[in-house]
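Peer 1: Quick one: this structure, given as structure tokens, is what I'll be asking you about.
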Amino acid sequence: MAIERTFSMIKPDATQRNLTGKITAKLEEAGLRVVASKRVWMSRQQAEGFYAVHKDRPFFGELVETMTAGPTVVQVLEGEGAILKNREVMGATNPANADAGTIRKEFALSIGENSVHGSDAPETAAQEIAYWFSGIELVG
Ligand code: GDP
């Protein structure tokens, strides 16, 4: 399988509970390498832009509120099949449906406060990385 890069976020519900290290450890244990990382408190405009694909969904307002409620850690992860691997380690969107051992099963509070984001495909990974990072910030 090819070496890929994917975009990951540790969401405000998790940074506020001081879970950045525990979540990053799970990603690293799965073989993913953090090649870029920074802590940002996103503005409403940044959150609306990042989640624009969901703008017509009924939960959009709640999503933007949740994502601007505290700091977020944005990361780029690298590894073999990194996009799918990250999604596996994250677990299902709703923690009630997430498999044992996944980040969302262990740490998420609800479907809205579900601790992490991860890109779902190569195209979205490239777009999401470019949304938050410039090329010189990626250090493999
Ligand atoms: P993901 O790729 O697993 O993060 O899931 P989606 O792309 O479907 O949704 C993006 C994010 O929107 C999720 O991670 C949740 O934070 C939020 N979300 C999705 N569905 C719901 C919902 O039914 N209610 C609320 N409050 N938030 C939701």
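Note that Cβ sites are derived from N, Cα and C of the backbone, with glycine treated the same way.
According to TrEMBL:
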ACT_SITE  HIS117  active site, pros-phosphohistidine intermediate
BINDING   LYS11, PHE59, ARG87, THR93, ARG104, ASN114  ATP binding site
DOMAIN    3-140  domain 'Nucleoside diphosphate kinase-like'
Peer 1: Looking only at C-alpha atoms, tell me how far ARG87 (ATP binding site) is from HIS117 (active site, pros-phosphohistidine intermediate), rounded to the nearest Å.
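Peer 2: Computed Cα spacing between ARG87 (ATP binding site) and HIS117 (active site, pros-phosphohistidine intermediate) is 9 Å.
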Peer 1: Could you tell me which of these recorded positions, LYS11, ARG87, ARG104, HIS117, has the fewest other Cβ atoms within 10 Å of its Cβ?
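Peer 2: Among the recorded positions LYS11, ARG87, ARG104, HIS117, the sparsest Cβ neighbourhood within 10 Å belongs to ARG87.
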Peer 1: So how many of the residues in the domain 'Nucleoside diphosphate kinase-like' (3-140) end up helix, strand or coil by DSSP?
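Peer 2: Once the DSSP states are binned, the domain 'Nucleoside diphosphate kinase-like' (3-140) shows 64 helix, 28 strand, 46 coil.
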Peer 1: Largest pairwise Cα distance, Å, within the listed ATP binders LYS11, PHE59, ARG87, THR93, ARG104, ASN114?
Peer 2: 21
Peer 1: Give the subset of the binding-site residues PHE59, THR93, ARG104, ASN114 lying near ligand 1, defined as CB under 6 A from any of its atoms.
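Peer 2: Close enough to ligand 1 are PHE59, THR93, ASN114.
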